[in-house]
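Q: Sharing a structure, written as structure tokens. Questions coming.
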Amino acid sequence: MRPALDWMAMERAGRRAAWRLAGAGDAARHGAASPPSGEGRAMSPCRPGIASAWQAVAGAFLVLMTGFGAIYSYAAFAEEIAGTFGVDRPHLAAVFALSGGTCFLVSAVSGPLGDRLGARPMAATGMLLVGTGLVLAATARGLPGLYLGYGLLTGLGTGFAYVPAMAAVQRGFAARRGLASGIAVSGIGIGTALVPPAAELLGAFGDWRLAFLISGIAVAVVGSVGAMLLPAAGVAPRGGTPRLPARGMVVAWVGTLLVSLPAMLPHAALVGSARDLDLPHAEALGLLGLIGIGTIIGRFALAAVADALGRSRIFLACCAAMAASMALWAVADGLWALRVFALVFGAAQGGFVALLPVFIADRFGTAQLGCAMGVLYTSRGIALLMAPPVLMAAIGVSGLTAPVLVFGGLGLLGTLVLAFRVEEMRALRQSRIRAT
């Protein structure tokens with residue numbers, strides 16, 4: 001029992017230190033220099049205890065599992081939907097891009113609202129929207145209905161829940177922030193891994209319409225349970241609204257955009273590329289499950305290791321690995337090569353998704369974390385709206401290899417941008433000026 005007690009004591013001490021730093025930030029706003037991380041601009045919630053902090057992790061896990069599971073389930077039924085409406089792959093990719101892009105674009109609104117209203121009402125509203133979207137998609141008579149139900153409402157609902165839930169997790173932890181975030185976002189990996197068996201099970205009872213209908217009801221129920229575990233109250237700023245560093249936010253936004261370009265491509269195009277290699281549909285669909293397994297490994301293992309080895313260092317390594325893995329996809333010529341790619345990409349993407357909120361919290365602080373995450377996550381939304389349709393169109397013109405490698409190169413460039421710190425460069429310039 002002693003190691004567990006020591007760990008709990010360390011977590012309490014880390015959280016107390018973070019809150020002391022936050023309290024000191026009020027004085028910093030009135031003249032003293034603020035801490036480099038941005039942590040000094042304080043909010044005024046009651047400090048969460050260990051039990052309530054882990055309860056928020058459980059709630060975020062359920063919310064993300066159901067929301068992103070709904071978004072990623074589209075790939076499992078893409079061919080059947082294409083046959084129903086007589087559309088090609090670029091049109092299907094556009095529906096998927098709309099749901100994912102909307103999820104992150106709405107974060108610019110849901111993040112600040114979550115700061116003020118609380119994660120629970122935002123997540124509960126979001127889960128009801130996701131359920132409604134799936135039910136509407138099940139009754140769609142054409143692509144417009146699919147765009148509205150699956151594309152828009154499912155994306156809006158997941159976006160309403162995502163940033164407020166993850167911001168609540170970051171605020172509850174200091175010493176173990178990486179581990180807590182990894183556990184919470186592993187819900188996305190679980191949801192992804194459950195898509196193939198769930199699709200096969202639901203397919204035994206009917207077509208994709210029945211599957212969407214059942215999924216919509218399940219998402220509304222399970223997601224609402226998760227929402228009830230999140231903090232009910234918002235956090236209101238004391239003494240005015242603190243400012244986020246504009247230059248640092250711009251640099252982080254551009255870097256996140258570039259890194260996010262390759263991040264969602266396999267979810268939209270991997271099954272299709274496997275089918276182009278004449279692989280059976282079940283084997284091609286199983287690659288999505290392998291990505292889900294890889295993300296679970298990345299979210300648990302890499303996020304936990306990050307607390308010990310350096311959260312920013314591991315986060316940037318995940319960004320680079322995710323981009324570099326595009327080369328594995330480009331040269332894959334069979335099932336086993338695609339399986340290796342799926343696991344490598346999944347692990348790197350899992351670490352990226354788990355540690356991006358931590359990276360934002362560590363760099364910009366938790367005072368306006370929902371706002372900071374919301375602004376930066378709009379870049380992920382733009383990447384999702386752009387990348388899948390562009391990739392599918394490029395594949396039709398030049399094949400898979402060249403466009404995938406280009407997107408991978410952009411991801412590596414984004415990693416370098418994220419490694420750039422405006423504050424450190426400003427301090428370096430000032431030191432050089434003093435030296436002269």
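A Cβ is built for glycine as well, from the same backbone N, Cα and C atoms used for every other residue.
Bear in mind that the values here come from a model prediction, so they are computed numbers and not experimental data.
Taken from TrEMBL, the feature domain 'Major facilitator superfamily (MFS) profile' covers 55-426. According to TrEMBL, the transmembrane segment annotation covers 51-72, 92-110, 122-140, 146-167, 179-199, 211-232, 244-264, 284-302, 314-332, 338-360, 381-398, 404-422.
Can you tell me where each of these features sits in the structure?
A: Long-range contacts of the transmembrane segment (51-72) within the same chain, counting only residues at least 6 positions beyond its ends with a Cβ under 8 Å from a Cβ of the stretch, are 96, 99-100, 103, 119, 123, 126-127, 130, 133-134, 154-155, 157-158, 161-162, 165-166, 168-169, 172-173, 180, 183-188, 190-192, 194-195, 215-216, 218-219, 222-223, 225-231, 267, 288.
Beyond the transmembrane segment (211-232), the same-chain residues lying 6 or more positions past its ends with a Cβ under 8 Å from any Cβ of the stretch are 45, 48, 52, 55-56, 58-63, 65-67, 69-70, 73, 77, 118-121, 123-124, 126-128, 130-135, 137-138, 150, 161, 164-165, 168, 198-199, 202-203, 205.
Same-chain neighbours of the transmembrane segment (244-264): 38, 100, 319, 322-323, 326, 349, 352, 356, 360, 363-364, 368, 371-372, 375-380, 382-384, 386-388, 404, 407-408, 410-411, 413-418, 420-423, counting only residues six or more beyond its ends whose CB sits under 8 Å from a CB of the stretch.
Here the transmembrane segment (314-332) has long-range neighbours at 178, 259, 262-263, 265-266, 270, 273, 298, 302-303, 305-306, 338, 340-341, 344-345, 347-352, 355-356, 358-359, 400-401, 404-405, 407-412, 414-415, 418-419, meaning same-chain residues at least 6 beyond its ends whose C-beta is under 8 angstroms from one of its own.
Within the chain, the transmembrane segment (338-360) has long-range Cβ neighbours (under 8 A, six or more residues past its boundaries) at 166-167, 169-170, 177-178, 181-182, 184-186, 188-189, 252, 256, 259, 263, 266, 270, 273-274, 277, 279, 287-288, 290-299, 301-303, 306, 311-312, 314-315, 317-319, 321-322, 325, 328-329, 332, 369, 372-373, 376, 418.
Non-local neighbours of the transmembrane segment (381-398) in the same chain are 89-90, 93-94, 96-98, 100-107, 159, 257, 260-265, 268-269, 272-273, 404, 407; each lies 6+ residues outside the stretch with a CB under 8 Å from one of its CB atoms.
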Q: Where else in the chain does the transmembrane segment (122-140) make close Cβ contacts, counting only residues six or more beyond its ends and a cut-off under 8 Å?
A: 59, 63, 66-67, 70, 110, 113-114, 146, 148-150, 152-162, 164-165, 208-213, 215-217, 219-220, 223-224, 226-228, 230
Q: Given a Cβ distance threshold of under 8 angstroms, which distant residues of the chain, six or more beyond its ends, lie next to the transmembrane segment (92-110)?
A: 67, 71, 74-75, 78, 81-82, 122, 126, 143, 146-147, 150-152, 154-156, 158-164, 264, 267-269, 370, 373-375, 377-389, 391-392
